[in-house]
Every structure is written in C-alpha cells, then in structure tokens.
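The block underneath contains the structure these notes are about, expressed in structure tokens.
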Amino acid sequence: MSRTPIIAGNWKMFKTVPEAESFFAEVKGKAEVAGVETVICAPFTNLPVLTKLAEGTSIKIGAQNLHFEDSGAFTGEISGVMLKDLGVDYVILGHSERRAYFGETDEIVNKKMHAAFRHGITPIVCVGEKLEEREADQTKEVCKVQTEGAFQGLTAEQAAQTVIAYEPIWAIGTGKSSTSADANEVISYIRSLIKDLYDEATAEVIRIQYGGSVKPENVTEYMGQSDIDGALVGGASLQPASFIALVEGAK
Ligand code: PEP
C-alpha cells in the first residue's frame with residue numbers, strides 16, 4: 001500500500017499577512033512536487049489571504065486549532081464552520097503546545113476531531129511523550145492513551161482520512177530529534193493501535209508523520225523509514241528555501 005507523503009509546516013504564532021504573502025509567492029510552484037502533499041498551517045489571521053493564494057495550486061492550507069462548537073458565546077474562538085468558509089483543508093489538533101499551555105485534554109481533542117469532520121476539514125492530530133515519560137519507558141502507553149482518546153467515536157472512514165503526527169515533546173523546537181529508527185518504531189506501534197481500533201485496511205492507509213526538529217538535512221532519513229509518511233515541521237518551515245527543500249526531500 002503506498003501512502004502519499006505529507007509535509008506540513010506549522011508556523012505557530014509567526015508571520016504577519018505581508019510576510020505570509022511573500023512566503024507564498026516564493027514557494028508557489030517550487031513546494032509543489034509530484035507525489036508529495038504540501039500543507040501550510042498558518043495563524044488564523046493569514047488564512048483568508050493564503051486560501052485565496054493557494055487556489056489553483058496544489059498547496060493546501062491548514063489552521064492550527066478550532067473550537068469544538070460550531071458557534072456560540074466563546075469569546076476569541078474560531079469554529080470549523082468559519083474555517084471551512086475560508087476554504088481551509090486541514091487543522092492541527094492536540095499539538096503539545098496546546099495541551100501544555102491551553103489545557104487541552106484528550107477529551108477536548110476528541111471533540112475537536114468530531115468538529116473538524118463535521119465540516120470536511122482533515123485533522124492532523126498530534127500525539128507524543130514528554131522527556132520524563134520517555135525516560136520512564138512510557139512512550140507507547142502515552143501514545144496509546146492519546147491515540148485512543150483522539151479517535152473515540154470516529155468511523156473507520158474518518159480515521160483513514162486523518163493524519164497523525166507523532167511528536168515527541170522533547171524533540172520539538174529543541175534541535176534534538178528522535179533517531180529515524182526510534183521514530184519509526186513508535187509510529188509503527190501507533191499504526192498497530194489503529195489496526196486494533198479499526199482494521200488492517202484503515203491502518204494501512206492512515207498517514208503518520210514524524211515531528212520534532214525535522215530540517216532539510218534529516219528529512220530524507222525519516223522518509224526512508226517504512227512507517228513514516230511525512231513530517232510536521234515548525235522552525236524549518238518558516239523560511240521559503242528550507243520549506244521547499246523539505247518538500248523536495250520527501251519525494
Ligand atoms: C512542531 O511545531 O510541531 C514542531 C515539530 O516544531 P519543530 O520542527 O520546530 O521542532
């Protein structure tokens with residue numbers, strides 16, 4: 001079964017609208033590589049302009065969060081209805097920064113997964129262990145709890161469309177990346193969880209990325225592993241040249 005590799009940039013809280021416009025102008029055409037899916041997950045403020053600029057290109061645009069309700073008295077929040085209205089294709093859910101700084105639990109992540117699917121937005125759902133959990137040999141248990149929590153109540157069809165990003169927290173933004181073999185071992189374990197939750201066919205098609213200090217110099221090594229289907233990239237996705245090199249490296 002061949003799965004299309006997916007490189008997703010997570011801009012986090014970086015880039016004004018003019019900066020996003022100039023980034024897009026530089027990567028258009030170049031970060032569009034046959035056989036690789038390219039996604040830019042930008043701050044909400046950039047989404048109207050990026051979804052327009054991406055029209056007619058193969059680059060998909062993603063958000064970094066959504067609220068699980070469709071509308072209501074939730075000051076400061078953005079719903080799936082609003083994102084779909086802009087033409088957003090993907091949304092990062094359960095990123096470790098949101099779990100750590102904004103109190104997102106597995107239950108909230110699960111509600112957001114359902115909200116994304118209600119509006120035809122594909123989730124990129126993040127799971128991964130803290131350093132102390134890795135040191136206590138709890139990596140698989142943490143990934144199991146987070147994966148089972150995130151997929152509660154989703155159909156096999158929805159699960160098959162979802163992208164999972166395995167992001168060991170100690171590797172995010174630290175320059176310390178997991179070895180490709182270690183990342184592959186955890187990712188194949190996550191794939192086995194999907195098989196247990198659903199079936200073999202779903203586990204075969206679901207795409208699972210690695211994230212954590214991926215850069216142009218190491219992306220090819222991750223992509224060479226049997227179960228790694230791409231990367232979710234923070235820091236190295238912010239510069240056009242580096243983003244283009246990441247997409248080219250995923251071929
Ligand atoms: C991320 O933000 O999801 C991430 C993996 O960041 P970085 O690539 O900077 O480690």
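Cβ atoms here come from the backbone N, Cα and C positions, even for glycine.
Of the residues GLY56, GLY72, GLY173, TrEMBL puts just one in the substrate site with ASN10, TRP11, LYS12, SER213, GLY234, GLY235: GLY173. Residue density at LYS12 (substrate binding site): 18 other Cβ atoms are found within 10 A of its Cβ, drawing on all protein chains shown. DSSP classifies GLY235 (substrate binding site) as helix under the three-state reduction. Sorted by the number of other CB atoms within 10 A, the binding-site residues GLY173, SER213 start with GLY173, the lowest.
Note: the Cα of GLU167 (active site, proton acceptor) and the Cα of GLY234 (substrate binding site) are spaced 11 Å from each other. With respect to their backbone Cα atoms, GLY234 (substrate binding site) and HIS95 (active site, electrophile) stand 11 Å from each other. Taking a Cβ distance under 6 Å to any atom of ligand 1 as the criterion, the binding-site residues TRP11, SER213, GLY234 reduce to SER213, GLY234.
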